[in-house]
């Protein structure tokens, strides 16, 4: 997921682009949150072992997972309590270019499901927990429940025409939001000026600034995208035998992937492990065509205009929120009431 090995490259070549932040640094500003990434984290983190060493998964009476709702509720309250405005962005349909990746992930889930069932049969609790985490996937019910809860909270939520992180980046590029809250580094390839990672319960988190990356690496935005493609992105199989240092040095020397492709025969004569950028059977023109297409997915993603995204707070509906979380999702009424009061206090104080 995202850009492979980009973080090690940034740590080595552009550490000055990586900042340690606190919540107070973002007060009075808006952040666009990649909801799918967050829900995935919440669903995994709420799988636990109870005192009897039994797997505990938070579910409603119909067997629908609810860990993501607890996570979004508390994460939203945490952000609001520091005077930061959240806008939650949800995935729409995945682009066709990710089909191979999605199929691969599905295959891994099916394998994990088999191992999960075997672990349950063998009463191997540790392996059961591990496999329970690996089979987690976001489905329509997860998204529907999360959006409904946010509606009752009065918090802006929007479903992207396609990928959530690209839509988040659109809000940042348009100046509607300061940064994207996500762990997914491809936000930088989509052009997010600021990527905020590790915004959890701790005081400190990381903000990566795109302008500082480009300055430190002495690359244009197009060249940075090319580095990301060479490192490996979601739209193409990872290029073979190219590490982060090689990818960066190649773009420094050749300036773009097309020039690398044109000289690839000479490059490979000097290497024991031959580089393959797209497919070993591709002609130069086939390879270049694929690269141009993928580059376009980063520069012109399928997103809604920022002006068409409702980022306004709406009046909370506490009675409906209580009914939804307590009656339908079996949350404890006391905990929900505490969360509602905290939310209302933050809204009245800052907004």
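Just so it is clear, glycine is given a Cβ too, placed from its N, Cα and C backbone atoms.
According to TrEMBL, the feature coiled coil maps to residues 102-129, out of the candidate ranges 102-129, 130-157, 158-185, 186-213. Counting residues of the domain 'XPG N-terminal' (1-112) by DSSP class, helix then strand then coil, yields 58 helix, 24 strand, 30 coil.
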